[in-house]
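Copied from TrEMBL, the annotated features are:
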ACT_SITE  H94  active site, electrophile
ACT_SITE  E166  active site, proton acceptor
BINDING   N9, W10, K11, G172, S211, G232, G233  substrate binding site
SIGNAL    1-20  signal peptide
Amino acid sequence: MRRTLIAGNWKMNGSLAANAALLAELKVGMTGQSCDVLVCAPAVYLAQCAEALEASPIAWGGQDVSMHASGAYTGEISAAMLSDFACKYVIVGHSERRAYHHESDRLIAEKTLRSLAAGITPIVCVGETLEQRELGQTDAVVSAQLQAVLDVLDDEALTKIVVAYEPVWAIGTGKTATPQMAQDVHAVLRAQLAARGVAIAEKVRILYGGSMKPENAKELLAMADIDGGLIGGAALKSSDFLAIINAV
Ligand code: PEP
């Protein structure tokens, strides 16, 4: 049985004061829920998360990681550094990084390897643009993105990743994939994992991301192959994020 994961991606939002309020509200609202809960904060706020969340059921993680171990890579954050701040997870290959920082499938595969080597669970994001969907390329696009990661992982490592299906056209737009549209793509990804091993496919969690909010979370999370959510906008408001957690 896969345990549901509700992960917040704060993106480049927040401040010491705003985060303190948000984290305090989330902690109060966490009353024995049965899913895993995660907030992915900007790197400069990971120490704040570590301090605020240490004795709570909420995990914290990064939004990106370097493909390099250390060295002359100005501005980069290594997996070991994330580990120093007790990050359990890190997002890799978010569509905003693919689009604005020209991250390739190969680079994302390297970042996945670095994360796993540091004992951090990578949340590998895949997703198609609106144009690709309209051209009927969705399955091919997400499968190629996932395959680049599958190609560099052995079976044991593969069971340790989380996949997030995030249609680019649904991120931050208010447009959500219908539960069936999302399920269809999740099923394709699950089948791709099953080609490596049925037991692997049964273990790996596949999250949906793209304008998930309290009003649509329950229906999305009810689909057979949707094992949680990666949530942007709605993760910035404690009442919305908690409502999604409570929809599990
Ligand atoms: C995201 O940033 O991964 C995301 C899904 O954002 P939003 O929920 O705002 O669409």
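In case you wondered, yes, glycine gets a Cβ from its N, Cα and C as well.
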Which binding-site residues out of W10, G172, G232 lie by ligand 1, going by a Cβ under 6 Å?
G172, G232
Please report how many Å separate the Cα atom of S211 (substrate binding site) from that of E166 (active site, proton acceptor), as a whole number.
9
Non-local Cβ contacts of N9 (substrate binding site) (under 8 Å, 6 or more apart, same chain)?
C40, Q63, I91, H94, G209, L230, I231, G232, A235
Using a 10 Å radius around each Cβ and counting other Cβ atoms from all shown chains, which of the recorded positions K11, H94 yields the largest count?
H94
Residues N9, W10, K11, G172, S211, G232, G233 [recorded substrate binders]: greatest CA to CA distance in Å:
14
Of G172, G232, G233, which of the binding-site residues has the most Cβ neighbours inside 10 Å?
G232
Inter-residue C-alpha distance, G172 (substrate binding site) and E166 (active site, proton acceptor) (nearest angstrom):
11
Check each residue in the chain of W10 (substrate binding site) that is at least six apart in sequence and keep those whose C-beta is under 8 Å from its C-beta; list them in sequence order.
V39, C40, A41, P42, Q63, A235, L236
Check: same-chain CB within 8 A of substrate site center, minus N9, W10, K11, G172, S211, G232, G233:
I171, I231, A234, A235, L236
What Cα-Cα separation, expressed in whole Å, is found between G233 (substrate binding site) and the residue listed as 'active site, proton acceptor'?
14
